[in-house]
Every structure is written in C-alpha cells, then in structure tokens.
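Taken from TrEMBL, the feature active site covers LYS10, ASP136. Residues or ranges marked as domain 'GHMP kinase N-terminal' in TrEMBL: 66-143. The ATP binding site annotation in TrEMBL covers PRO94, VAL95, ALA96, ALA97, GLY98, LEU99, ALA100, GLY101, GLY102, SER103, SER104. The domain 'GHMP kinase C-terminal' annotation in TrEMBL covers 197-274.
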Amino acid sequence: MYLLEKAPAKINLSLDVLYKRPDGYHEVEMVMTTIDLADRIELIVLQENKIEIESDNRFVPNDERNLAYRAAQLIKDTYNINKGVKIYIDKQIPVAAGLAGGSSDAAAVLRGLNTLWNLQLSLDTLAELGAKIGSDVSFCVYGSTALSTGRGEKIKELPAPPACWVVLANPGIGVSTQTIYQQLKIDHIQHPDTEGMVDAIEQGDFQSICDKVGNVLEPVTLKLCPEVKQIKQQMVEAGADAVLMSGSGPTVFSLVSQESRAYRIYNSLRGFCEQVYVVRMLGGRTELD
Ligand code: ATP
C-alpha cells in the first residue's frame with residue numbers, strides 16, 4: 001500500500017511572544033498561512049515492524065531526530081500498529097528556514113498514516129497528537145490560515161486571505177529556532193497588532209493585512225543574519241506591498257498584489273540570494289492535487 005501526501009510550507013503573517021511560561025515554552029500569538037511550496041511525502045506500508053526514512057536532502061536526518069519519523073512512531077505507539085512504514089521525503093522547502101518544513105512533514109505523515117491504516121481519526125485528534133511532536137505541527141495538520149496561541153498548539157481557523165503573490169527569499173543560512181528564542185529579550189518587544197491582523201483577514205482587506213504584518217523575532221535574527229535586512233530593502237525597492245521575515249527566519253517574504261511586480265522582485269533577488277521563489281497562498285485544506 002502506498003500514498004502521496006503534500007506537506008506545504010507556512011509563513012507567519014504575524015508572530016508575537018507574550019511571555020515565557022514556567023514550563024519553559026513561550027506563550028505566542030501567531031497568524032499563519034500555508035503556501036504552495038511543498039515537500040512531497042511518499043508513504044509505503046511495510047509488513048516488517050520498522051520505520052525507514054529516506055530523503056534527497058543531506059540536511060534532513062534519517063532517524064528519530066526527523067519529525068516525520070516521530071510522527072510515525074507516535075501513531076504506531078498510540079494505536080498499537082505492528083506494521084512498518086517507509087517514508088520518502090522529496091524536500092522542496094528550505095531546511096531550518098522559518099517555513100516549518102519539518103513540522104509540515106510530520107503533519108503529512110499523521111494525515112497519511114491515518115488514511116493508510118484506516119484509523120478514521122479526526123483532524124482535531126491528529127492535531128492533538130501533532131502537539132506532542134512540535135508546536136507548529138498542529139497548525140500544519142489543518143493547513144490553510146489560522147491564529148495559533150498557547151505554545152502554538154491552540155488553533156482557530158480563519159478564512160483564506162485575499163489571493164496574492166508571495167515572493168520568498170532565503171539567504172541559504174540555516175537558523176536554529178531555539179537559539180533565536182533564547183536571545184529574545186521579552187521586556188523590549190514591540191508587539192504586532194495580532195487582533196488587527198485577524199480582523200483584516202476576516203474582512204478580506206489586503207491593504208490592512210499588509211499594514212499589520214509583524215514578527216518580534218525579526219530583530220533577533222537580523223543580528224545573526226544581516227542578509228535579512230538587505231533582502232527586505234531590496235524587496236521594498238522592487239515594489240513589494242509588505243515584507244517580513246517568517247518564523248525564526250531567515251526566510252523573508254513579500255506579499256504582492258500583482259504578478260508582474262512579484263516577478264520584478266524575484267528577478268531583483270536572483271544572484272543575490274541562493275533560493276528565491278514566487279508562490280501563491282493556499283486557500284483550502286492541504287490535499288495532493
Ligand atoms: P519552524 O519554522 O517550525 O521553526 P524551520 O522551518 O525553521 O521550522 P525545519 O526546516 O523544520 O525548520 O528544520 C529545523 C531542524 O529540524 C533542521 O535543522 C533538521 O535537522 C531538523 N529536522 C527534523 N525533521 C526534519 C524534516 N522532516 N525536514 C527538515 N528538517 C528536519
């Protein structure tokens with residue numbers, strides 16, 4: 001038995017950190033949306049009771065450090081499955097880039113094994129399982145657009161934002177999410193207007209979405225990776241409607257209402273940046289085309 005599942009990347013339209021909790025996690029408020037840049041996850045059921053991971057990307061671990069492996073292990077342990085699975089990850093999302101590639105792979109494995117092993121679990125149950133693997137996995141189980149709170153695992157689905165182009169640029173440097181959070185000085189944060197962003201999305205107001213983008217991790221990553229500032233400047237000069245770093249970075253994205261301007265930005269960054277993409281936001285749920 002065999003299944004293909006798409007694992008789309010996310011961008012943060014806003015990311016706020018409220019405080020550090022006694023359990024060590026940060027209490028966050030994030031507005032996230034999935035985009036049509038995706039890893040492809042191939043799942044093959046094995047009669048032997050083992051999990052195998054294979055990927056074409058040398059930065060992706062092929063053992064229990066891989067979030068996709070942990071997702072398969074969790075499903076097997078929770079539902080006493082004695083079969084195995086081979087997981088092939090066709091990596092299209094830049095690694096350690098603030099685009100939740102690993103979390104989305106894990107979510108795709110949860111969705112895929114639910115189908116392959118006929119477990120009939122709801123998306124809510126899969127999202128609860130996902131929270132045990134990582135804070136962004138719950139969001140990735142649902143995909144589309146959502147406000148996530150708590151440590152990222154409490155999800156309130158939002159309508160899809162107005163259609164626009166998203167230009168992504170990654171300077172080719174991996175950034176550790178843990179390091180960025182450790183260096184964040186919570187008392188000196190300029191908080192983004194999360195409520196305003198949610199309103200703007202609910203009203204389908206593209207200009208207001210652009211006005212409200214904000215990410216408290218951006219100044220922290222900027223210190224370690226000055227390329228982020230250069231990319232932002234370049235995108236603004238080439239005509240972006242909004243520019244922001246996603247997650248803990250270093251990927252920077254711009255929102256653009258016109259395709260021609262999106263490609264102007266794309267062309268201005270090629271050569272200067274290792275990985276540049278023009279993509280669309282995804283509206284509905286995340287299934288393979
Ligand atoms: P987030 O935005 O959720 O903080 P990220 O996009 O910054 O995540 P990932 O691409 O998920 O980061 O990778 C972070 C680290 O996780 C990598 O350095 C890698 O070693 C490890 N990792 C584990 N599983 C995966 C996976 N399936 N794909 C990519 N990296 C993975």
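Yeah, the Cβs are placed from backbone N, Cα and C, and that goes for glycine too.
In the domain 'GHMP kinase C-terminal' (197-274), helix, strand and coil residues by DSSP number 43 helix, 13 strand, 22 coil. Between the CA atoms of LYS10 (active site) and PRO94 (ATP binding site) there is a gap of 12 Å. Proximity of the binding-site residues (PRO94, ALA100, SER104) to ligand 1: a Cβ under 6 Å from the molecule is found for ALA100. Neighbour counts of Cβ atoms within 10 Å were compared across the binding-site residues ALA96, ALA100; the minimum falls on ALA96.
Note on LYS10 (active site): other Cβ atoms within 10 Å of its Cβ, all shown chains, come to 29.
Residue counts for the domain 'GHMP kinase N-terminal' (66-143) under DSSP, helix first, then strand, then coil, are 43 helix, 7 strand, 28 coil.
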